Amino acid sequence: ERKCLELYEQLQQRMGVVIVGPSGSGKTTICRILKQTLQKSGHPVQQYTINPKAMPRTQLLGQIDLDTRQWTDGVLSYTAQQVYAEPLGTESWILCDGDVDPEWIESLNSVLDDNRLLTLPSGWRIQFGPGVNFLFETHDLQHASPATISRMGIILLSDEDIDIECLVSSWVNKQPEEKRVTLQAYIESYFLKGVAWVKERGELAVKVSLTGIILNGLSHMADVQSKAHMCVALIKGLGSNLTADSRNAFSAQVLEWTGEFVADVSQMSLCYYNEDRDSVDIHVNESGHMADVQSKAHMCVALIKGLGSNLTADSRNTFSAQVLEWTGEFVADVSQMSLCYYNKDRDSVDIHVNESASELDHGGLILTAQVKASIDVIMPWIQASVPFIMQGPHGSGK
């Protein structure tokens, strides 16, 4: 409420206002609340949102063809003409969402002055009335010049302004009603303590805002129904933002809070919730194609699919012939062994035909403990269509 009032006062005094704060600190929210408030009080607001960094300067401001001398409007110049054509009494906000860069912001210095005069590269000049404002949402002003900053009002937001309990309560209220009581109890007992630990003692692998940390943690909380499940959700959600050493320390702390037991805390990055036993378990490596081998024919196919998948076509055919000789299995055409599969009904090596060949080719993915642990982390985000970032060096399996 205080920040909304500050924004309103600045809009009355300045042509340009910049809202500075980290991602998730509420920059867009206070703009939306103020806009809705003004509209309900009988002051219509027309908002035009632009991301200046998403396009080159010529596309943003417009350009002149040097051969024909013809002027082509840019996004900002076209928007300015639309604002100029708005009826009297309409509040117009041109919202620039993104980094403040001298490459384009310096072109707006004239309009940010008290005379409110926008000079376009074509030589045109647009005189704005008192109902027009430029709003800028950015995470910092390190690239803005003193000339630009001195022309604008500044609203500063920070992680300290975020009410963690309100943010969490808002998330809980969006969950199914039958889950809210259980979730609220676990959040009050463990989740808020986990957020405080990460905030005060955690070492982040990638710089993340406080809101990002909280929402990342909550993304694994939706189906929590027991203390063991809560333990895993905390480690997978809040712990995924931390470095390896910090995550191990956090995991040990969570195990202490919840009273759960794991033999090797250093393996907690591989933990998962065992629903059958209602306990915290650790993923173990499986041997890929070899995991379910029960017969000689199955072994033959597993060798060709497992080891042979790394070879060239000619080398794979030679290897397939050798495996067939070792196992005593028979196939009419060895050159087709890349299409082989294990026929469980006949306990023999068969060859796929036509389109069926692609149906059982799984790409050679081996479910190691690390792969399964990674799938546990990202699957809730995939199911909820939440965007996420995977960090790791080249060739690490991202």
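From the backbone N, Cα and C atoms, a Cβ is placed for every residue, glycine too.
Annotated domain 'ATPase dynein-related AAA' per TrEMBL: 16-152, in sequence order. Under the heading domain 'Cytoplasmic dynein 2 heavy chain 1 AAA+ ATPase', TrEMBL lists 163-258, 280-327.
Residue counts for the domain 'Cytoplasmic dynein 2 heavy chain 1 AAA+ ATPase' (280-327) under DSSP, split into helix (H, G, I), strand (E, B) and coil, are 32 helix, 3 strand, 13 coil.
Mean pLDDT of the predicted structure over the domain 'Cytoplasmic dynein 2 heavy chain 1 AAA+ ATPase' (280-327): 79. In the domain 'ATPase dynein-related AAA' (16-152), helix, strand and coil residues by DSSP number 47 helix, 38 strand, 52 coil.
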